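Annotated in TrEMBL:
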- 14-211: domain 'ABC transporter family G' (DOMAIN)
- 12-32: transmembrane segment (TRANSMEM)
- 52-77: transmembrane segment (TRANSMEM)
- 84-105: transmembrane segment (TRANSMEM)
- 111-128: transmembrane segment (TRANSMEM)
- 190-211: transmembrane segment (TRANSMEM)
Amino acid sequence: MLPVSDKIAPFVTFVELALAMVAIMRALRVFGHDMENFKRESFSGLNSWMFFAAKDLISLIPIIFISLAFTTGLFIARPQASFGIYYLTSILTILTSFPIGYMISFFCSPHTAQLAATLVVLLLYAVSGNQPTLPEIERLPFPFSYFHIFTYLRFVKGLLYMVEIETRGQTEHIDSALFINGYETESVAYYWYAMIFWCILFRVCAVFLMWQLKPHSLLHRVITLSKILGGKIVQKLKVQQLK
């Protein structure tokens with residue numbers, strides 16, 4: 001399969017970008033307006049870990065239905081891999097994306113959270129092995145050659161690409177396409193494990209950030225102090241401009 005005839009790459013690129021965008025945008029609503037209530041209730045001893053676990057477990061319901069609806073709509077394009085594989089990849093991608101949306105909603109107001117989420121998705125997408133491909137990224141000078149390590153979307157694209165291209169292995173030469181994109185079909189299991197790792201890691205980071213956003217926490221004090229100092233600096237600059 002030559003690069004010019006590779007129709008799988010643009011297809012899975014669209015899927016990974018759409019999945020991440022839909023998931024993170026939906027995740028912004030899980031905590032969104034409840035963060036102010038959480039900060040107030042934390043004074044009365046609200047357990048941040050239990051609060052996070054409850055909200056995260058409830059979000060499993062929309063995750064299941066979003067994954068099902070997305071996978072069903074995806075089959076309009078008639079991919080050759082099985083429905084089960086695509087559904088499993090979709091639900092794992094959305095599960096991994098949700099805590100990113102949580103963390104964005106912790107720091108951004110509902111008015112700016114969607115813009116921040118879009119920028120985050122585009123940054124993760126830019127180094128996930130689309131254009132440039134993974135081999136091309138690895139040939140970049142340090143530290144740019146290591147940027148792809150920090151995006152889970154490279155594993156989403158890799159999974160989708162390899163499971164889809166394997167269905168064409170009997171009729172087409174797929175080795176060149178795999179080599180150009182930096183994939184090996186023997187590493188499919190590693191990609192599944194990597195997605196599970198990111199899913200757990202992002203949730204650990206999200207619950208830690210929520211715990212640190214309590215009014216008496218060190219991180220909250222640092223953020224508050226930074227805002228005060230930043231406000232004073234801006235005020236001084238305005239005074240100097242008026243002079």
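Cβ coordinates come from backbone N, Cα and C, glycine included.
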Recorded stretch, among 12-32, 52-77, 190-211, maximising Cβ pairs under 8 Å relative to the transmembrane segment (111-128): 12-32
Long-range neighbours of the transmembrane segment (12-32), counting only residues six or more past its ends (CB under 8 A): 38, 55-56, 58-59, 62-63, 66, 70, 74, 90, 93-94, 97-102, 104-106, 110, 113-114, 117-118, 120-121, 124-125, 128, 130, 153, 156-157, 160-161, 164, 210
